[in-house]
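To start, the structure itself, in structure tokens.
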Amino acid sequence: MQKRPLLGLTLSELQNVVKNLGMPGFSAKQIASWLYDKKVTSIDEMSNLSLKHRGLLKEICEVGAEAPVDAMRSLDGTVKYLYRAGEGHFVEAVYIPDGDRATLCVSSQVGCKMKCKFCMTGKQGFTANLTSNQIINQINSLPERDKLTNVVMMGMGEPLDNLDEVLKALEIMTSSYGYAWSPKRVTLSSVGLKKGLQRFIEESDCHLAISLHSPIPLQRRELMPAEKAFPITEIVELLRNYDFSKQRRLSFEYIVFKGVNDSLPYAKELLKLLRGLDCRINLIRFHAIPGVNLEGADMETMTAFRDYLTSHGLFTTIRSSRGEDIFAACGMLSTAKQEENKEELI
Ligand code: SF4
């Protein structure tokens, strides 16, 4: 019988587990503390549970922590880790140290349905949703776990397309029984899905980043087919109903493609689209990927683009490019590993 992983369970789910085993209610909090504070790897280590209760728990559950199976290290300190996610499948988590910050980019799905033209994961197609266990394990089993200051749900997959599991993982990150991080340390990035966006905003306090990439609907649709189902103009209208002027930050991600969306008319359209919204824009340099006819804009163009937006009142930053030598663009390593696995099976 497959044992149920405890790591990734919320407090109320742990309460159900202990109740079903006839254990006292308070043991749920004790287990949460062993999992998320003391970060044990076996039930035997949960020494304030009686031997009888540990035995009962071990019959049906396990901790469910699994170390990464591979890692690629960049000269700039970025490390891309590969985690197993079911038979023959892998997901990536990218550790990005930067001065006194250390960010982990976490995956939410194996593959992705969104098919963004510029993305390697989109080319993989969709295989499966990650469970909350598989999402939290990327943090829990990270060798640099104790150095982490921030998490971005910006890895493989569309988090709003797996919202139940993602919300559980976010609850664990930000609750006092879990990692007890401020929601300001966690950002969820999304193309903007009609079904999940409103629920996420209302049920979580974490920061939100919307992948924008073009203010022109037709062009955005070409780059990101998700535009068809939920146009950026409607996303922005929905966002206008919420207050992002206080703790919670709203940002828009904008990959700058050479000769595609990097000129003045695009900057002007961006200003028009986002006028009056409390937000910022992050310009991102494009990492070229095989088989995709898109190039990244040069630094001079990006700087001019940023300066134009900032001088017109839209706070804009250029995200520093990290890990280029290890293909930090999401989906590259897992695609290679999956192919390697297929070859081994043939
Ligand atoms: S960019 Fe994100 S949403 Fe688009 S295909 Fe890649 S993983 Fe999916």
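Counting starts with 1 at the first residue shown.
Quick reminder: no glycine exception, Cβ is built from N, Cα and C everywhere.
Under the heading active site, proton acceptor, TrEMBL lists GLU92. Per TrEMBL, domain 'Radical SAM core' is recorded for 98-325. The [4Fe-4S] cluster binding site annotation in TrEMBL covers CYS112, CYS116, CYS119. Sequence annotations record features per position, and here TrEMBL assigns S-adenosyl-L-methionine binding site to GLY157, GLU158, SER189, SER211, LEU212, HIS213, HIS287. According to TrEMBL, the active site, S-methylcysteine intermediate annotation covers CYS330.
Distribution of TrEMBL features across the structure.
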| residue | record | contacts (Cβ under 8 Å, 6+ apart) |
| --- | --- | --- |
| CYS112 | [4Fe-4S] cluster binding site | CYS119, THR121, GLY122, GLN124, GLY125, PHE126, MET156, GLY157, GLU158, ASP161 |
| SER189 | S-adenosyl-L-methionine binding site | VAL152, MET153, MET154, PRO159, LEU208, ALA209, ILE210, SER211, GLU253 |
| LEU212 | S-adenosyl-L-methionine binding site | ARG220, ILE232, PHE252, GLU253, TYR254, LEU270, ILE281 |
| HIS213 | S-adenosyl-L-methionine binding site | PHE118, ARG220, LEU223, MET224, GLU253, TYR254, ILE255, ASN261 |
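For the pair the residue listed as 'active site, proton acceptor' and HIS287 (S-adenosyl-L-methionine binding site), the Cα-Cα distance reads 16 Å. Within the same chain, residues at least 6 positions away in sequence whose Cβ sits under 8 Å from that of CYS116 ([4Fe-4S] cluster binding site) are GLY122, VAL191, SER211, LEU223, MET224, PRO225, ALA226. The S-adenosyl-L-methionine-binding residues named in the record, GLY157, GLU158, SER189, SER211, LEU212, HIS213, HIS287, extend over a maximum Cα to Cα distance of 19 Å. Taking the Cβ of GLY157 (S-adenosyl-L-methionine binding site) as centre and 10 Å as the limit, one finds 31 other Cβ atoms among all the protein chains shown. Listed in sequence order, the binding-site residues among CYS112, SER189, HIS213, HIS287 whose CB lies under 6 angstroms from an atom of ligand 1 come out as CYS112. Within the model, the domain 'Radical SAM core' (98-325) shows a mean pLDDT value of 95, rounded to a whole number.
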